[in-house]
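To keep things clear, I will list the structure first and then write my remarks on it.
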């Protein structure tokens, strides 16, 4: 589908649409199918797919004639980024203990630019994590993990962040003001809480992981299904969460 706002870089936007489509589909797609579903002109689609093919960002799939799938270089790029997350090997044993203490799914989230990304998780058999998955990306100020991370940033960093968000989303002032209040509270308590972060039935609680300079490098988050996190229940969960975060922070050199 064509974007409703005129693009300033149509070739880039069209390329992203092609990659998103091929990543989401369960079968290889022909050029005509790609163009039909993205709204890209066939001539433009042909040039873009050829360039992506040259860079191994898409590949010809032998299971279907003249059909394309995601290329090997996408996996190489993702693997390179994933392997940079040095906290992951330390996260799993700590998260396993935390999972068994609070009986909730546990997630490791890292800040990437102005967003936070889930890079690892530990599921609990008695609790569903819903749509929280590795690779899930959210604005920092809209997630418990992002708010926990922002709470440990300097005031100037926070001011610049919210100024940029306000500039990019002029209609979001009330939400941004509430988020700033949440961040002040998270700074005071040592953890952040959100209600309905992923959907209306999921609450999250998160605490920041700090390096030796007391800078936030990640956050551990727990998802609570079907439960409104009041102050008392948040405090109960936070005791275990903060202990786990301190253990993981101590592993950072």
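Each Cβ is built from the backbone N, Cα and C atoms, and glycine gets one as well.
Taken from TrEMBL, the feature domain 'HTH iclR-type' applies to 9-72.
Taking the domain 'IclR-ED' (73-253) as a whole, pLDDT averages 89 in the prediction. The annotation domain 'IclR-ED' is assigned in TrEMBL to 73-253.
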Task: Tally of DSSP helical, extended and coil residues in the domain 'HTH iclR-type' (9-72) - done: 37 helix, 9 strand, 18 coil
